[in-house]
Every structure is written in structure tokens, then in C-alpha cells.
């Protein structure tokens, strides 16, 4: 007679084993109709799974984030159902949930076209509209293997052979004549899977290994209702307009080419923004009392072996050899910073020691994962490492948190999601050390009035971590900042300091990044601002245009004056109509467009308009310079009169 405890604390007693769907029906027919799955004693279960003992139960519906993830997963199975109807010879590989959607990797000789994708989507909708039940069967490993062997599903067999114990009892989900295998849970009926769209096709190697066969990957998105789907598709359209690769080309910021995959060729205007970002962070480093250092680009393999990176990270490292020695180009800055710390005897009075670097790092990312500035092989990390005592951890982490929020708010990012990853099952150190470390991070977050989500067991083996994820104007999430405690690397690389009692102690190391990769953050900014950078970041802040040749000398004097004032300015003296020139520089997203005619020249004035077409009227040159200087020094996100 299980007693079911609901989230509001109420209890319901049943005379026999019940499913989540049974409990929902006992509460009311509306909830039964909306029920997708259940969280039983903290674990997600299918709506049909029986609950035989007392349990705590949350009923999952499409209003829950988990419910939407489940229906997305079921849409992947629906896609498989449709594919097998249209191309029965298809071999199905994997179909997981991803952010905002799902994909399925398939082995099919026929190369899918956009017309095929549209036909597949239509077939999926036809199937879903029949509102068929999804039937779950838990079977033996052998029965599952026999089922897929009879269907010629070699990839499912490989998953069973290589990833699932023979003692396991896999779950098979039957969509009418189509059968798939999954941990689940899945929707009980396809009425939940009515609002989806297939988005694109790509290539993907089986198991992500380039030595394996290339499969076709079909991406889709799915939502709980028509409105949510429509909102998402509208956001995607806006994201396409803001694509940093497209805007980067339009504004001549950078380019990438086949001969240097994942490496950025910065053009003048793009490099101007990059340097401005660097200057901004450098000011923050001075404000928060950091040393700035510079380590070598590559170091001997021996050092990477001692740090532990060679065992865990060597496949992602670029290497080279010289004079019978093997070197690795650094994928991160931390081992180099420990080497700098180790030079000379350090006392407890020297701690905390905050060491920062704009480190040029390289990682051998798979070519298929490269994506403009967002995923590169060569990047600059605004990395820092703080060497401190246990007692200093909380205060130092608190300062890091303040620096993160101080920095992000300057760029207009106010919606920050914070997660704290705690001790994993396999870890160094005793529970007392982890208790102190985790509590220090929690207290630092609370002291700054930061709400955070705990991720139990998600920390690194060498210490807990705080992650900062910012949300942009399209509500996309970008994980940028991190604060990571490290109790292992200083010890591995022999870092010590002389404590107050003259004993040798190992410092705690705090890994800290604010922007992360400057390249990636610049890509985020391009899309956030749609190329319309605030004045302080804009590569060209002012362009001055003449109406006739008579004003040419005066225009050049104005630009010289601006440059002497530290304002990035240029002139346009082309023999073109002023309307044409205004339009061209508006498309270049230059914040301020200054026009000079005879009257302006005579009165030592400029006619000012913004890139948004707002006419600010005539101003004395010195007055305009004062206003724009104030805007730049405040790092205002708005233009004058906005």
C-alpha cells in the first residue's frame, strides 16, 4: 500500500502499486491529460512506471523544463519513426536532446536534401496527429540485441555490445511499428509532440571519430505549444541577422581561411575592438591589484606530464619537436603561472598573490566543431591565478565575483545564472577540506547576494567551481566566467610558501576567468550589439564629412583635433553626395556622423547626427568633444540623446 507524498506535502494512499499517470488521474482528469512523466524520489520515471513503495512524487507536465526536454527526446524517436517509413533501409544511430531541440544521426546512402527534410517534417506531423500511445517494454539485454539484429540496426547493436552490461535490462520504446532503445523517460502519447520543426542537416562521424563512417545528422527543435515554437523561430531569424560571422565580414573586422583552421586573421577595425577589450580588462586588473605576467607559448612535455595535463589533455594539444625534445604549445596558462610563483622564496606575507595574463593558447579542437569566433583553435584567455591560504579563499573568491559582475554590467549583461559544482565521487583530499572549500564558495556568493544553483558531484577532482553564464538579448546562454579552486596543481608542481610557523605549506590556487576567450567574447558582443558597438568600443567613433571641396581642409583639421583628444575619427572627402556618404557610414555602424558645410565652417561648428538617424543639431567642436569624451570615459552603452 504505497503512500505517495506530493510537492505540497499532501499524501495519497493506494491499495496497490500505482504509476505516475494513476496518481495524476486520482488528482483529476486535467492533470492526467497533462502528465508527461514523474520525478519519483528525485529520479525521472516514465508515466507508466509502477511505484510499489512509499515515495515522494512530482508530476511532470509540459509546463516544466524537464517535460519539454522529454517531449524533445520523444520527437527524436518520432523523427526515427518517419525516416524508417520513408527510407526503410536507414540504419539508426543516436538521437539525443540538445539545447532547444534534438538531433538524430542516421546511416542512409541517399543524401538528404531540403525537400526531403520538408517531406520528413510533414510525415512526422501526420504520425503525431494520430495521437498514438508510446509503449514501453523493459527487456533483457539479449532480447534487445535480438530485436535490433532482426531489424539490421548495426549501430544499436554496437551500443548494446560496447556500452550496456549484459546484466542490464534495456527499455524499448515502441512507436507503432518503429522501435527505439533509450534510458527514457518518454511521453506516453504523441499528442505532446505536435509543435516541432526540422532545422538542418549536417555530417557527423559515428562516435565522433573521424576514422569511422560519416553519418547524416538531422537537427530539429520542439516546444510545448505553438506560441513557444513561433517565439523560438523568430529568435533564430534575429540571431541569423546578428550572426557575428556575417557582421564581421560586413564591417571588415576579421576573417578566417582554410590554411589556418580555427585561427583568426584580425583586420584593423576588429583588432581595435580587441585591444579596447584588453585595455578595459587591464584597468580592472589594476583596480583589483593583480600582477600581469607573460609566460612562454610552448614548454617541454616533461612539465605537462608533471602537471597532469599530458595524461588527460594531450590529444587536444599541439606539439612540436626540436633537438630531441618534445614541446607542447600551451592550451592553458596555469602551469606557467606556477613556474613564475616558484621563482624565489614566498612567505605567507606575500599571499594572496594574484597573477594575470592575456595568454595566447591553442587547443586542437575537432575541425567539425569550429564555429567562427565562438569555437577556435587559437585564442587569448583573460586568465588569472590567485595563490592564497585556506583562510583567504572566501575573501578572494568574493573579490572575483565582484569583478565578474562589475565587468559584465559594463557590457549590459545583467541576467547572470550562477552554478556551484561540488565534490565528485572521485576526488583528492578529505571531506573536511571539501567542506571548508565548498562553504567558502557558498559564503562568498551569499555575501554578494548572489542566487546560485548547486550541481552536486559536478566539481573537478581537485576542487569545487563556480560558473557564470550570461544571457544575451535573445536569451541565449553563454558560459564565460569561472572561479575554480585547485588543491592539486600547486602540489604537483612543487609550489610552496613559508607559513607563520616557518613550516613549508602548499598554497591554494584559484583559477579565475572573466571573459574567458577574448575572441569568443568579442563574437558574443558582435551579436549582442548587432555590430552597433557602444562608442567606447566602436573601432571608428566619429566620421567627418564635407559637402563640397571648400570644407576639405577644415574637415581634416577637425579629425586631427579629435585624434589629439584620443577620439578615433576619420574623414570622408570623396566627391559623393552627402546622403550617399551618410548612408554608407550608417551601414558601417559608426556612432557619430558629422557633416560640415559652409555655415559650419564659418561658425567653427559641426552638424551632428547618430547612426540611428537622430539629428542632434549643430554643436561647437569643443562641446561635442567634451560630450563624447564623457560618454567614452563612462563607457556608456547609449549614444547622445538616447
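Here the Cβ of each residue, glycine as well, is placed from N, Cα and C on the backbone.
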Matching residue for the Zn(2+) site, where Swiss-Prot names 334, 511 - out of 267, 385, 471, 585: 385
334, 385, 511 excluded, remaining Cβ within 8 Å of their centroid (Zn(2+)): 332, 333, 337, 383, 384, 484, 486, 489, 509, 510, 512
Candidates 334, 385, 511: member of the binding-site residues with the richest Cβ shell (10 Å): 385
Summary of DSSP states over the domain 'TGS' (1-61), given as helix, strand and coil counts: 14 helix, 24 strand, 23 coil
